[in-house]
Amino acid sequence: MSYQHGTLGQAAAIGIIFNISMVRVFLSNPVQVIALSGELAWLVTLVAGFISMAASFVFLYVYKRVPGDLYQITEKLLGIWGARIMALLCISLFFTNAVLLFRQFTENTLLTALPNTDFQVVSFGYAICVLIVLYAGIEAMGRSLYIIIPFGVIGLTTVFLLLYPYYDVYNLAPWLGYGIKEAISASIVSSGYNMSGVLAVTMLAPSLQNYRTVRTSLVFGLGGSALIKSASLGVFVLVFGVQVGLEKVLPFYEMARLVYISRYLQRIESLFILLWVIAGTFAVAVALYFALFMLARLLNLPAIKPIMPIAVIILEQVASLHEDIIKVIRMDGYLHTTVFAGCEIAIPFILLLALWIKGSKQGGVKKCPSGS
């Protein structure tokens, strides 16, 4: 029998979806969104979140009529070969995302906290942490994230509020950024940054109690991450403006460095380095978990724990291949605004089209229980 998730609560699912969707707020991706849309980046990020939620609701429409995870639904609608292709695609997407996250968080930790440490040492430390979290399982990850996330959100909000003296409302002008057309285009492609959260919904759905729980997890997970990312971009533009902001590599770190509380309490950015190390470790572990889950589905494996150490070793080695971190950042932005954005939108609509075609031939399909 192929590997199955354990039973997940609504809070754990929200934590997983929120973390994997929001974590790039600590990286360079906000700068890339600003480059696409200018002063309107905060709204573009919010709209991108709604686009991702819309794509997820398309999947939920299919799921309500054909219960199961993404692999099972695809197999029912497109046959075994369609399911295998879907599994290979998801493995590629999640593993690529894990590699990109791993490399960027490793480099950023090296740059900000451990500048005199060898890269391989930091990379090995991250790999060990990822393996420990991964080995704990998706249920433990979800429960841990639900406990950690409120403290993280409070910390982020505190930074945003303490930066109030630096706000310059004129940095938001021109109010339309680079224009409405560019903003719409940027919203669509920027939705790719939520791809892992959208696909996470498709794989976690059978482990949740009912349809209503799945829907609530989706709304709070993706919606909450969109709000945090939008607020972060809005504050960043208010403080630095577009022209200066485009020169920053780590937007949130730069904002945290500006916070001054008192002469006895300084350099609070060091606390947020710890926060992003934790968030990054969990995000890499979650992405790698879903890649292994689809591999287990593809090969009909009864368990995934025996292959976790091998997967982490491969992850670390692949993440270390490219020497230039700037090219890695550009690759991350390119893949998320093209391949990931396309797959996020295409996968639910392909399943919807297959459902309609199959439903028209069979005279309708049954719905799963909605729950209460």
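Backbone N, Cα and C define each Cβ position, glycine as well.
Beyond its flanks by at least six residues, the transmembrane segment (7-28) meets 52, 101, 104-105, 108, 138-139, 141-146, 148-149, 156, 193-194, 196-197, 200-201, 204, 207-209, 213-214, 216-218, 220-222, 224-226, 228-229, 232, 249-253, 272, 275-276, 279-280, 282-283, 286-287, 329, 332-333 of its own chain at Cβ-Cβ distances under 8 Å. Among the features that TrEMBL reports, transmembrane segment is placed at 7-28 (among others).
Residues or ranges marked as transmembrane segment by TrEMBL: 40-63 (among others).
Residues or ranges marked as transmembrane segment by TrEMBL: 83-101 (among others). Proximity of distant same-chain residues to the transmembrane segment (83-101), defined by a Cβ-Cβ separation under 8 Å and at least 6 residues beyond the stretch ends, is recorded for 23-24, 27, 70-72, 74-75, 195-196, 199, 280, 283-284, 287-288, 290-291, 294-295, 297-298, 315, 318-319, 328, 331-332, 335, 339-340, 343, 347.
Per TrEMBL, the feature transmembrane segment maps to 121-138 (among others).
The transmembrane segment annotation in TrEMBL covers 145-164 (among others).
Sequence-distant neighbours of the transmembrane segment (184-205) (same chain, 6+ residues past either end, Cβ-Cβ under 8 Å): 5, 8, 13, 16-18, 20-21, 24, 29, 33, 36-37, 41, 44-45, 47-49, 51-52, 55-56, 59-60, 63, 68-70, 73, 90, 93-94, 97, 138, 214, 217-218, 221-222, 225-226, 286-287, 290, 293-294, 335-345, 347-348. If you look up TrEMBL, you'll see 184-205 (among others) marked as transmembrane segment.
For the transmembrane segment (217-242), the residues of the chain that approach it from at least six positions outside its boundaries are 10, 13-18, 21-22, 24-25, 30, 33-34, 38-39, 41-43, 45-46, 48-50, 52-53, 56-57, 60, 153, 156-157, 160, 163, 166-169, 171-172, 194, 197-198, 201, 204, 208, 248, 251-252, 254-255, 258, judged by C-beta separation under 8 angstroms. Here TrEMBL flags 217-242 (among others) as transmembrane segment.
Below 8 angstroms of C-beta separation, residues 2-3, 5, 16, 19-20, 22-23, 26, 70-71, 87, 90-91, 94-95, 97-98, 101-102, 105, 108-109, 112-113, 126, 129-130, 133-134, 138, 141, 144-145, 148, 152, 155, 196, 199-200, 203, 252-253, 302-304, 307-308, 311-312, 315 of the same chain, each at least six residues beyond the ends of the transmembrane segment (273-296), sit close to that stretch. Marked as transmembrane segment by TrEMBL: 273-296 (among others).
Per TrEMBL, the feature transmembrane segment maps to 303-322 (among others).
What TrEMBL records for 334-357 (among others) is transmembrane segment.
By the Cβ criterion (under 8 Å, sequence separation of 6 or more), the transmembrane segment (334-357) is not in contact with the transmembrane segment (145-164), since fewer than 3 such pairs are found.
For the transmembrane segment (121-138), the residues of the chain that approach it from at least six positions outside its boundaries are 5-6, 8, 16, 102, 105-106, 109-110, 114, 144, 204, 280-282, 284-286, 288-289, 305, 308-309, 311-313, 315-316, 319-320, judged by C-beta separation under 8 angstroms. Within the chain, the transmembrane segment (303-322) has long-range Cβ neighbours (under 8 A, six or more residues past its boundaries) at 3, 95, 98-100, 102-103, 106, 119-120, 123-124, 126-127, 130-131, 134-135, 284, 288-289, 291-293, 295-296, 328, 331.
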